[in-house]
Each structure stands twice: as structure tokens, then as C-alpha cells.
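This report concerns only the one structure given below.
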């Protein structure tokens, strides 16, 4: 299988504390990897390294066999869903959802149609489309963020505790939708979670990270 993410001999320190040392990881096309571990073990740091937001002190991180730094083309192939409300405060819900499609030059009407269809699947009423992030509940904002992260059909999707702000009903609906997207596409998923039951439901592979001593 084609390797989508390759991490080789990576070391990374944060505030003089070793988070990773000689860390290796290979993620293949179509994998759904759930990363488990206690708070502070380095789960979100791993996503930061893969996204190119953090640079290892040693070793290499490659996405699609290339380094991500300043590679706009590669970035279009990645979707990222952050923990909590990470929406652009100056854009309304619909504008947030269509942001990545706009960057790709997709027709505005087509982009909005796609966003509204996904919003309906996620239980977001059309009356919310004109609301700004500070007017949305935590669960509504999280669902808008999930749509923004998947709407452009990225080949690699990274999720950091994506269901944390949701009630049990919406959590199950969105888990089912994410599972459906994974099953019906060739996309590769990497999801950080502390919930082992959630990992068992979604993952094809799991990785437990422990804090270095």
C-alpha cells in the first residue's frame, strides 16, 4: 500500500522536555489511525508535526513522500479538524464551511450547495448559515468546523478530539458520518482521542502514546 505519512527517527522537545525521541510511524493510504494516550503524552503534538506546524529537532516527517513546508499544493490535500471552536471569527457559518472550496476556485453557488447538504446531514438548520461563530453553540461551531475540514474531499484528514463539544446524539451522528466517509473514499484519517470505545468504533489501527520520562 502507498504510504501517506512517513515519520522517521523524529525527536521533539517542548520547554526542555522530550516529547518524542527516535519516533517512527508509517501510515498507509486508507488507514484510519486513532491515537490514544493521556493528556500531555504528545497526541496533539504529533498532529502538529504532521501538519508542519511544528518542526522536529531531529528526523523527518513526510506527507505523500514530500515535506509539507511551504507546499501549498500538498496543503490542499489535507483536512484538519481542531478541538473546540477554531472557526474564523470574521466569517459566518456558511463562509467558514465553504472556505477551502473557495481556495480551490470552486463556483460559489456549487460550494454553498455542497455545504448546505453536509450541514443538513449534521443537523444544522439553514437559519444558522448567516450566524457568526460567537452566535453559535459549542456543538454547532464544532459541526461547522468538521464540515470545513472535510468539504474539499481531502486525501488526508486529521482530527483532534473532534466530538468533544457534542452531546451524545450528535456525537453518534457525526461518528457515523465520519465512518461513512472513510468507507466510501480512499481518504486516510488520523484522529486523536482519549475515548477507547470511540477508537474501537472508527479505527482500522490504533497507536497509544505514552509520555517520556
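Residue positions begin at 1 at the first shown residue.
Glycine too: its Cβ is placed from the backbone N, Cα and C atoms.
For 5-212, the entry in Swiss-Prot reads domain 'ABC transporter'.
DSSP assigns residue 39 (ATP binding site) to coil in the three-state reduction, placing it in neither a helix nor a strand. The number of other CB atoms found within 10 A of the CB of residue 39 (ATP binding site), across every protein chain shown, is 8. Annotation comment: Swiss-Prot describes 37, 38, 39, 40, 41, 42, 43, 44 as ATP binding site.
Among the listed binding-site residues, namely 37, 42, the Cβ with the most fellow Cβ atoms inside 10 Å is that of 42. All protein chains considered, the CB of residue 38 (ATP binding site) has 12 other CB atoms within 10 Å.
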